[in-house]
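A.B. asks: So TrEMBL lists the following for this protein:
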type	residues	note
ACT_SITE	A:PRO2	active site, schiff-base intermediate with DNA
DOMAIN	A:2-114	domain 'Formamidopyrimidine-DNA glycosylase catalytic'
ACT_SITE	A:GLU3	active site, proton donor
ACT_SITE	A:LYS58	active site, proton donor
BINDING	A:HIS92, A:ARG111	DNA binding site
DOMAIN	A:240-274	domain 'FPG-type'
ACT_SITE	A:ARG264	active site, proton donor
Amino acid sequence: MPELPEVETVRRGLTALVKEAIIEKVDLPYPKAVTSDLKAFQQEPVGRTIEAIERRGKYLLFRLSGNETIVSHLRMEGQYSVEPKGSTPHKHTEVIFTLKDDRVLFYNDTRRFGRMTLVKTGDEMTQVSGLKDLGPEPTEETLSLDYMKEIFKKSKRLIKPFLLDQSNIAGLGNIYTDEVLWQTRIHPETTTDKISSQKIRELRENIINEIARATKHHGTTVHSFSNVFGEVGKFQNELDVYGRAGLPCRRCETPLKKIKVAQRGTTFCPKCQKKK
DNA sequence: AGGCCTGTTTTGCT
DNA sequence: CAGCAAAACAGGCC
């Protein structure tokens, strides 16, 4: 389901609902969702307070009292829901946190791709692959132009898989990558070393703005995404290319084209986004 | 019915 | 090491 704006939307919802809640019990109807020691995952959180829910890239970090952290990645369709105690788990509920009030926190995942792991707070950066070499967050302060120019020059990869690679920049997925490439008029199969400094500058601005704008709209809902309140995002109405193959480009009216780039469906405007 | 598609990441092979 | 294909899985669509 989620790219950075969706994960951030989930984070804010969880913060509103379960920050300060105390975990009473952990059940694992689908143990494969947990990659760390199962016994510890069920025992350690018990009695601890959820002190904060943070986010890094597309990862959620539940900060528990006593220096324990649960790292959670939603992958394609992971979802959290908070329900009254005694609620029946869903068909795809994989983890159940019973809270020391009248509620439960469910982790549901139809696709069963999402993963959770328990680490000592501070160890996540060395222990969790993916977090280890995550690129900078796409914000004005953290994603510098110099850094962008450097990584673009160094690589000869196609821009599309390059932007999807979380070790370059954290948080972009298939939707927002297609959007920012269209905005910047870059063909998705352009190799990064051939993109001009000016284009890199524009792309950086577009990435930062797009992620911020999508977050403000509570993310994009195309398949199954909803926040913890069960609400869908609104940003799908703002998309220019994703999901619009065959429809006219909003700049030049040319029908948008859909191709595969590095195994990922990729929509772009064949006229505005010329390969150079 | 069978094949293909889907917002992701890791693994294993060149 | 870098880069790519396949795999992990379920469900919707044609």
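Using the three backbone atoms N, Cα and C, a Cβ is placed for every residue, glycine included.
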A.B. asks: Same chain, outside the domain 'FPG-type' (A:240-274) by at least 6, Cβ under 8 Å from its Cβ: which residues?
C.D. replies: 158, 160-161, 164, 174-175, 178-179, 181-183, 185-189, 220, 222
A.B. asks: Which residue counts does DSSP yield for the domain 'Formamidopyrimidine-DNA glycosylase catalytic' (A:2-114) in the helix, strand and coil classes, in that order?
C.D. replies: 24 helix, 48 strand, 41 coil
A.B. asks: Restricting the comparison to the recorded positions A:PRO2, A:HIS92, A:ARG111, which residue's C-alpha is spatially nearest the C-alpha of A:ARG264 (active site, proton donor)?
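C.D. replies: Going through A:PRO2, A:HIS92, A:ARG111 one by one, the Cα closest to that of A:ARG264 (active site, proton donor) is A:PRO2.
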A.B. asks: Do you know which of the recorded positions A:LYS58, A:HIS92, A:ARG111, A:ARG264 has the most other C-beta atoms within 10 angstroms of its C-beta?
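C.D. replies: Compared across A:LYS58, A:HIS92, A:ARG111, A:ARG264, the most Cβ atoms within 10 Å surround A:LYS58.
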A.B. asks: Counting Cβ atoms within 10 Å of each candidate's own Cβ, which of the active-site residues A:PRO2, A:GLU3 comes out highest?
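C.D. replies: Answer by Cβ density within 10 Å: A:PRO2.
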A.B. asks: Considering Cα atoms only, can you say which of A:PRO2, A:HIS92, A:ARG111 is the nearest neighbour of A:LYS58 (active site, proton donor) among these recorded positions?
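C.D. replies: That would be A:PRO2, nearest by Cα distance.
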A.B. asks: Taking only the Cα atoms, work out how far A:PRO2 (active site, schiff-base intermediate with DNA) lies from A:ARG111 (DNA binding site), in Å, as a whole number.
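C.D. replies: Distance (Cα to Cα, whole Å): 13 Å.
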